[in-house]
């Protein structure tokens with residue numbers, strides 16, 4: 001190895017800057033450092049979701065019983081999901097809002113599937129600090145914009161579940177989903 | 001306290017001085033395991049096992065905290081949660097095998113540490129308190145290891161809990177109520193499992209506390225050494241850092257390599273297959289034995305088979321506890337003024353016999369209770385007590401010890417001829 005020659009050369013020249021012992025010292029401490037990292041990685045990684053949690057990452061929802069104007073709460077990855085059948089008025093209301101007025105500009109069409117604009121599927125997790133907004137149940141406060149209202153810190157979402165007022169930074173998240181048939185949605 | 005020539009702590013930077021005036025933690029570290037702690041220069045590898053014990057305590061606490069993040073202390077769910085850790089949790093198998101084998105290695109290291117102390121007379125004045133605190137740590141380790149072994153709630157766990165708490169039922173009148181109180185029921189169940197988990201989490205921190213006392217009391221006189229001759233001058237010592245940090249570091253690396261080899265290539269070699277069967281309160285495994293580190297004590301427990309004034313069961317339990325409690329009196333049983341076994345020819349022979357005796361006890365404890373093994377463990381148990389109560393006091397009275405070196409430095413720096421002489425034999429003066 002080159003290092004040995006260097007070390008010998010250093011001794012010949014009487015150069016104190018790289019001694020054999022310095023090399024051993026650096027090599028030993030580096031080796032211990034690599035070992036410490038190798039131990040730290042699994043210790044950190046073990047806190048990630050385990051295999052059984054990852055295996056629950058998709059769910060199927062039957063939407064045949066949801067009448068226009070109604071919504072249901074279901075669960076995906078242990079988080080609430082809102083599935084809402086929008087009325088034509090609500091769709092119209094959402095489409096009438098100019099994008100410039102929005103904090104997180106998105107059209108209703110971008111938040112739904114083509115030809116299924118009345119089906120608004122979002123996570124029921126407020127983008128502020130994670131509470132479940134009201135508005136799914138009959139008679140619940142739907143906020144100033146007729147969508148959802150988060151009671152924790154007063155975020156108002158409109159009929160397309162876009163943030164309109166309050167501290168939340170983003171629209172309610174639309175999860176990845178697909179229509180397996182006209183009445184069944186597969187989320188995740 | 002330390003030796004007069006210990007290097008004083010001098011902060012090198014302005015910040016270091018600022019901290020030292022307010023919280024002299026770096027000063028404490030420097031004086032305990034740094035350049036400010038002089039250690040005898042002739043320590044052999046036997047003296048690496050104290051630091052190694054600390055390393056294994058740390059490994060057990062770290063992996064244990066991780067396992068507790070995933071484990072359920074539920075009579076219905078504990079076994080499944082262990083399987084969940086093994087199969088689903090990221091690197092969970094590694095955490096569990098590191099913890100289970102870590103317990104075994106902790107005991108290996110501590111046993112070497114204890115026997116090193118026995119051979120070199122490290123328990124003698126002025127280190128009696130170090131020795132006794134070490135025994136307290138050992139007792140706490142035994143309790144912690146037992147309760148940890150119950151947590152997976154397999155067959156061995158369950159019946160281990162049943163048998164060990166059964167010890168207490170040996171005591172007349174109060175025994176059975178104590179057993180029921182310990183378990184929170186008439187047999188091990190949810191209440192016992194939950195309290196064992198709670199205490200299994202608590203005790204390692206109690207151990208860590210007693211370890212601090214153990215080291216504190218050690219640092220008053222400083223470490224003993226293979227000659228048993230006290231430190232006299234600066235020539236007898238080296239600063240802990242860098243000399244012993246380097247030696248401990250390299251030895252820890254070497255020893256952890258063996259540990260890693262077992263964790264990765266033979267993780268169940270020291271365990272019992274029966275513990276992969278869920279606990280069944282209605283059927284005892286055919287051959288129930290504790291983990292290997294309890295075998296000698298298990299053999300002593302089983303050695304008593306005849307009622308003699310007291311019931312045999314009570315004798316067994318008393319003898320088992322006594323076999324450890326006895327060691328608290330060791331500093332006063334062995335009165336020889338010479339510490340190191342290297343200078344005590346007769347003591348050395350009996351020390352080796354004691355090692356063999358404990359190994360035989362271990363062999364008996366791990367074997368089924370057949371007449372042969374019961375008889376053998378009776379002889380071995382009798383010898384164990386005889387060693388400490390009869391042989392040691394007599395040996396220390398009648399033994400002719402070898403001449404001690406005048407100082408540690410003299411024994412280390414006495415030239416080639418003496419260096420090559422057999423262990424413990426004094427060399428001709430050169």
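The backbone N, Cα and C atoms fix where each Cβ goes, glycine too.
Between the stretches A:23-44, A:45-66, TrEMBL puts its transmembrane segment entry on A:23-44. The average pLDDT the prediction assigns to the domain 'Rieske' (A:94-186) is 93. According to DSSP, the secondary structure content of the domain 'Rieske' (A:94-186) in residues is 8 helix, 24 strand, 61 coil.
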